[in-house]
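Asks: Attaching a single structure in C-alpha cells format; questions to follow.
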Amino acid sequence: MGWTDSLPAGSAEQVSALLDRATEFDGKAPVSEQGRHAVAGRGAARHFVELDGDTVVGYAQLQAGSDEHPDMAELVVDPQARRRGIGTRLAAAVFDEGRPGTRVWAHGNVDAAVEFAKSLDLVSVRELLQLRRPLDAPQLPEIVVPEGVTMRTYRGPEDDSEILRVNNAAFSWHPEQGGWTQAEIDERTAEGWFDPAGLFMAFADTDPDTLLGFHWTKVHAPEGDDPELGEVYVVGIDPAAQGRGLGRVLTLAGMHYLRDRGLGTVLLYVEGDNTAALHTYERLGFDRFHVDMAYARAL
C-alpha cells in the first residue's frame, strides 16, 4: 500500500491496534496525540501502511510542514515483526515522500532508536523533554496572582477566539502548537479528558475581554505501568504580556487543580533548547523523565 491521505476504516482499525500493541510492548506511545487524531481521520496527514498478507505490520505517518517548519514523521513496526527491514523501508518511504529536511520522531529515544538512526546516517536535530514532578511533595508554592490581574476558568466557546489568538501569537515559532484553528480547540474540548475547570485564563482588570495568558491542563488515563497522570498541557502567554510572572502563576494554578483532583504526578513537555522555560520548571520542582528526539538526514 502506497501513501494515502486517509485510511480506510479497516486499515485505521488495524493501525490503531498496532499502536496499542507497540505502546504496551515498548512502554511508550510510538505516535503523538496529533498522530492518533490523524489515524482516526481527525487531522490532516499522509499515511503509509506495510502489510504482511492482510495484516498491518508497519505504519508511517507524515505531517506536512510549512515554509518555516519541516515535515514531521512518525513510524512504528509491530513488536512481533521487528528486525525484518520493515523500519528501514518505512523510513525510506518517509524521506522519499517528504520534503528536504523531513524529520522523524523517536519517542523515548531508546538505544534501539539511536542505533536505527545511526544505521541510516541520520542526525539528531530536535530534542523534546518530558519533565515530571510529584504533586504531594515538595509542597506546591502558593498561587500569588499579580496585582491588576484576574484569573478564571473556561466558560465555553465564547472564550475560544481569545485562546486561539494568544496560542498562535505565543507559539508562532512552534511546528505543532502554532497555527491552531477552531478545529484544534473543538477536537480537544470533545475529548473525554477535557474539563473546563482545568483550563485557567488570566485577564487584566482594566480589560476583561482581552486574554493575557492561559494554562490548559490534561489528565491521562492509566497506561502501562503509569497510573493516572496530570499534564501541564499548554501554557500560552501573549507576547505583549510577557515578563509579568503570568506563566508561573498559571502553571501553579493548574498544578494545584491537578493535586486537588487526587493526582500524584504531573508531567509536561518542553523543547530541549528552551533554557528559560527549563529553568522555570526546574525551580518548580520538575525533573527530566524522558527524551523524544527528532532525526533528519545530514545536509
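Heads up, the Cβ atoms here are built off N, Cα and C, so glycines get one too.
Keep in mind that what you see is a predicted model, and the values were worked out from it rather than measured.
The domain 'N-acetyltransferase 1' annotation in Swiss-Prot covers 1-156. As annotated by Swiss-Prot, acetyl-CoA 1 binding site applies to L75, V76, V77, R83, R84, G85, I86, G87, T88, with the evidence given as sequence analysis. For 149-299, the entry in Swiss-Prot reads domain 'N-acetyltransferase 2'. Annotation source Swiss-Prot lists acetyl-CoA 2 binding site at 235-237, 242-248, 274-279.
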Asks: Report, in whole Å, the straight Cα-to-Cα distance of L75 (acetyl-CoA 1 binding site) from G245 (acetyl-CoA 2 binding site).
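Replies: That comes out at 39 Å between the alpha carbons.
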Asks: May I ask which of the binding-site residues V235, G247, A276, L278 is closest to R84 (acetyl-CoA 1 binding site) if we compare their C-alpha atoms?
Replies: L278
Asks: Does anything in the same chain, at least 6 positions from I237 (acetyl-CoA 2 binding site), have a Cβ under 8 Å from its Cβ, and if so what?
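Replies: Residues satisfying the criterion: V166, A170, L212, G213, L246, G247, L250.
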Asks: Restricting to the domain 'N-acetyltransferase 1' (1-156), what is the model's mean pLDDT?
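Replies: For the domain 'N-acetyltransferase 1' (1-156), the model's average pLDDT rounds to 95.
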Asks: Can you tell which of the binding-site residues (I86, V235, A276) has the fewest other C-beta atoms within 10 angstroms of its C-beta?
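Replies: Among the binding-site residues I86, V235, A276, the sparsest Cβ neighbourhood within 10 Å belongs to A276.
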Asks: Between the Cα atoms of V77 (acetyl-CoA 1 binding site) and N274 (acetyl-CoA 2 binding site), find the distance and write it as a whole number of Å.
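Replies: Computed Cα spacing between V77 (acetyl-CoA 1 binding site) and N274 (acetyl-CoA 2 binding site) is 31 Å.
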Asks: What does DSSP call N274 (acetyl-CoA 2 binding site) in the simple three-state scheme?
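Replies: Coil, per DSSP.
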Asks: So which one is it: of the binding-site residues G245, G247, which has the fewest other Cβ atoms within 10 Å?
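Replies: Ranked by other Cβ atoms within 10 Å, the binding-site residues G245, G247 bottom out at G245.
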